[in-house]
Amino acid sequence: MAEQQSYYVPASSPWPIVGAVGLGLIAWGAGHTVIDMSKEQDGYGSTVLIAGLIVMAVMLFGWFRDQINESMKGLYSDQLGVSYKQGMSWFIFSEVMFFAAFFGALFYARVIAVQWLGGDSNNAMTNEVLWPEFVAHWPLVNTPGGTETQAMGWYGLPAINTIILLVSSVTCHFAHTGLEQGKRKQLTAMLGVTIILGMIFLYLQGAEYIHAYEELGLTLDSGIYGNTFYMLTGFHGLHVTLGTVMLIIMFLRVLKGHFTPDNHFAFQATSWYWHFVDVVWLCLFVVVYVL
Amino acid sequence: MSTAVEATHHDAHHDHKPSGIGRWLFTTNHKDIGSMYLWFSFIMFLTGGAMAMVIRAELFQPGLQLIEPQFFNQMTTVHGLIMVFGAVMPAFTGLANWMIPMMIGAPDMALPRMNNWSFWILPFAFIILLGSLFMEGGGPAFGWTFYAPLSTTYSSDSTALFVFSVHIMGISSIMGAINVIVTIMNMRAPGMNYMKMPLFVWTWLITAFLLIAVMPVLAGAVTMVLTDKYFGTSFFDAAGGGDPVMFQHIFWFFGHPEVYIMILPSFGIISAIIPAFTRKRLFGYSSMVYATAAIALLSFLVWAHHMFTTGMPVFAELFFMYCTMLIAVPTGVKVFNWVATMWKGSMTFETPMLFALAFVILFTIGGFSGLMLAITPVDFQYHDTYFVVAHFHYVLVSGAIFSIMAAAYYWLPKWTGHMYDSTLAKTHFWASVISVNVLFFPMHFAGLAGMPRRIPDYATQFADVNQITSIGGFAFGLSQLIFLWVVIKCVKGGEKADAKPWEGAEGLEWTVPSPAPYHTFEKPPKVD
């Protein structure tokens, strides 16, 4: 709880409303982009979407610049630091729940929906009436509707990627301890290695997608196995991308001499985010690839 | 409960407000943001209400007379979406913004800029949603629950806009909830420990947890709808190994906690108002806290009671039936605590108390019809009938909305510095409480007799009951304009309100002058 010190309330700022406009443009633009694509027509959707993304980027840049300046001036109270940390933890919890929806879908499809289509439980007639030829199996490479595909093995690229991400979590941790102990060289080096590992992960993930699309015929629309595979790895990949961008920003700030052993919330938040992304991958590797 | 040892007073220069439109666009002030949330919510309440009037006008007589069935479906869908995400949730967030910092002795919300962002996302989200009604093919017409395949295979082009507007509403709610939870955990004045917090703060703490836990699941659900409709996935299509029933599982895993998100803050409001006008302490404070936590916990274990007729295994039906019935226990604890608080109290019946009393009685009716719906075999009869509509409108209109009205009448003097016209306010109350029952009570009978919901036409034997319902609906809709009138009158002027206009009211918010100064606490107040 707070010590008996004066409260700090940040001054008003133009960035939130800019962010709201940005999100509004993104939502409208993304919606219309998707509609335009589905009707194969030209429209303003993608233009508005790009405009929204630019506004968001400007907003993030401006908001964080103000934030960093205020922080470097020592305006922030300890209490605000605690608020930031708690806020970040709850944000990560919300991300966990987002992934939970897709893990839940995978679980339901694999353990319930596909089995029932195959006649399990009391669903003999479901199988008989809908797709009598269908036999339940997982990975679902032959869907009831007749789509065929191949499963992605866990060895090879996915296993290598697992090791890369695990190592990157360790290097990220050492960067953090380097910062806390005032060892700036260790900080810079380890942070750099983490970023490179993150990028290698993304590159290999891209290579894996190309392999899946071109050689395995495993695509986003090849039934529930492909759906859950791409949605889970795809959203994870987006999070790795975001995490890498955050790490790069931290790297630039470290080069500028920002952060002290006891005042480095931004770094800490990024490191938490990176560990979170790593844990998601571990769950994903086990339930999407191995099992 | 807590009392402030030293009331904090404020110099005039702390009351400096920025002027012009910039004040509202750039503000980091919890009171400004709270007011914006409340006004936004009221505008949405009238918008969603207008759609309800369209629905009731069409249902005034059997047959199709005013609107096309497809438009009727859009009205039921958007009415639901607007009332849930545009009216009730922002109203509670607005109340949280206004009251929580004052109740716990904080200067503002923990993350004031993010607070502003959370609010300003909402107008954009709802412009997009409402705008989609005017597109070719119309807006969303699949019900606010957007069951697949209605929202995938059979939905109009505008579905993508629905999906993205729900996405940004979700972002707004999650940020709002993070703000509330961090404010409560980190910004309490020294001495304000958890078990001294007013129940409104407690219920909001738990509500915020629920929001952070389930809004992302809703985001997942709409994302899957989007990819199913536009990108060829088959999450909800059996031909690809998915299952339309899976949609309902994911949706209701969000949806059931969501309905508690819309009622838990009400419990907090009622627990503030009943003691104030009974001049007694709240009976069973700690049992109220535990009951709220128990309801929140159970809310994650009951979602499939919305799906009894989907052909789940009997074991699942029984599990969800028993878990659902268990919720009656902590809810009963609350209702009995409120009644026990009133027992032998010296009660007076000012407008907030009238709404609070109506809440206790009418919410309990809604709770009981919920218990009836929880009984699996009986639900097979009630499912998708007007009985369900009656049930959730009793808990949401005469429950959640009445509690919001009660809160507004309770705290309006604190917000505006003026007392409102209590004759007019009581007129609003009596008009509302009578018309809301004329509106929703007959729906129980229509439902029990088998009238299906979400259909623009009905068999002629339901004509009488629908006419009564519609008359109640129009009366209820018009009654809410009285509320608007009371509020505008009160904002503009009126008898000067004391710091504590209600004799029996307790809590830190009554230790500051009315209207509450722009910045409430510069230094933490002491609480013992």
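In case you wondered, yes, glycine gets a Cβ from its N, Cα and C as well.
Taken from TrEMBL, the feature domain 'Cytochrome oxidase subunit I profile' applies to B:24-528.
The transmembrane segment annotation in TrEMBL covers B:37-57 (among others).
According to TrEMBL, the feature transmembrane segment maps to B:77-98 (among others). Sequence-distant contacts of the transmembrane segment (B:77-98), counting only residues of its own chain at least 6 positions beyond either end whose CB sits under 8 Å from a CB of the stretch, comprise 30-31, 33-38, 40-42, 44-45, 47-48, 51-52, 55, 109, 115, 118-119, 122, 125-126, 129-130, 133, 139-146, 166, 169, 173, 176, 180, 200, 204, 207, 258, 261-262, 265, 269, 396, 400-401, 404, 407, 411, 415.
Taken from TrEMBL, the feature transmembrane segment covers B:119-142 (among others). Within the chain carrying the transmembrane segment (B:119-142), a Cβ under 8 angstroms from the stretch's Cβ atoms is held by residues 25, 33, 36-37, 40, 44, 47, 70-71, 73-74, 77-78, 81-82, 85-86, 90, 93, 150-151, 154-159, 161-162, 164-166, 168-169, 171-172, 176, all 6 or more beyond its ends.
Feature annotation from TrEMBL assigns transmembrane segment to B:162-187 (among others).
Sequence-remote contacts of a segment are chain residues at least 6 beyond its ends whose Cβ falls under 8 Å from one of its Cβ atoms, and for the transmembrane segment (B:199-226) they are 92, 95-96, 99-100, 103-104, 146, 148, 151-152, 159-160, 162-163, 166-167, 170, 173-174, 176-178, 180-181, 184-185, 233, 235-236, 247, 250-251, 253-254, 257-258, 260-261, 264-269, 271-272, 282, 285, 288-289, 292-293, 296, 299-300. Residues or ranges marked as transmembrane segment by TrEMBL: B:199-226 (among others).
Taken from TrEMBL, the feature transmembrane segment covers B:259-277 (among others).
Look at TrEMBL and you will find B:289-308 (among others) tagged as transmembrane segment.
The transmembrane segment annotation in TrEMBL covers B:314-333 (among others). With a threshold of 8 Å between CB atoms, the same-chain residues lying at least 6 positions outside the transmembrane segment (B:314-333) that come near it are 284, 287-288, 290-292, 294-295, 298-299, 301-305, 308, 367, 370-371, 374-376.
Sequence annotations record features per position, and here TrEMBL assigns transmembrane segment to B:354-375 (among others).
The transmembrane segment annotation in TrEMBL covers B:387-412 (among others).
Here TrEMBL flags B:424-448 (among others) as transmembrane segment.
Using a Cβ-Cβ cut-off under 8 Å and counting only residues 6 or more beyond its ends in the same chain, the transmembrane segment (B:468-488) has close neighbours at 42, 45-46, 49-50, 52-53, 56-57, 59-60, 397, 405, 408, 412, 420-421, 424-425, 427-428, 431-432, 434-440, 442-443, 446. The feature transmembrane segment is assigned by TrEMBL to B:468-488 (among others).
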Below 8 angstroms Cβ to Cβ, which residues of this chain, lying six or more residues outside the transmembrane segment (B:259-277), approach it?
84, 88-89, 92, 95-96, 198-204, 206-207, 210-211, 214, 288, 292, 295-296, 299, 334, 337-338, 341-342, 347-350, 352-353, 355-356, 359-360, 363, 392, 395-396, 399-400, 403-404, 406-407, 410, 502, 504-507
Taking the transmembrane segment (B:424-448) as reference, which of B:37-57, B:289-308, B:354-375, B:387-412 has the most Cβ pairs under 8 angstroms?
B:387-412
Cβ-Cβ under 8 Å with the transmembrane segment (B:354-375): same-chain residues at least 6 beyond its ends:
263, 266, 269-270, 273-274, 277, 305, 321, 324-325, 328, 331, 335, 338-339, 382, 387-388, 390-396, 398-399, 402-403, 405-406, 409, 426, 429, 433, 436-437, 444
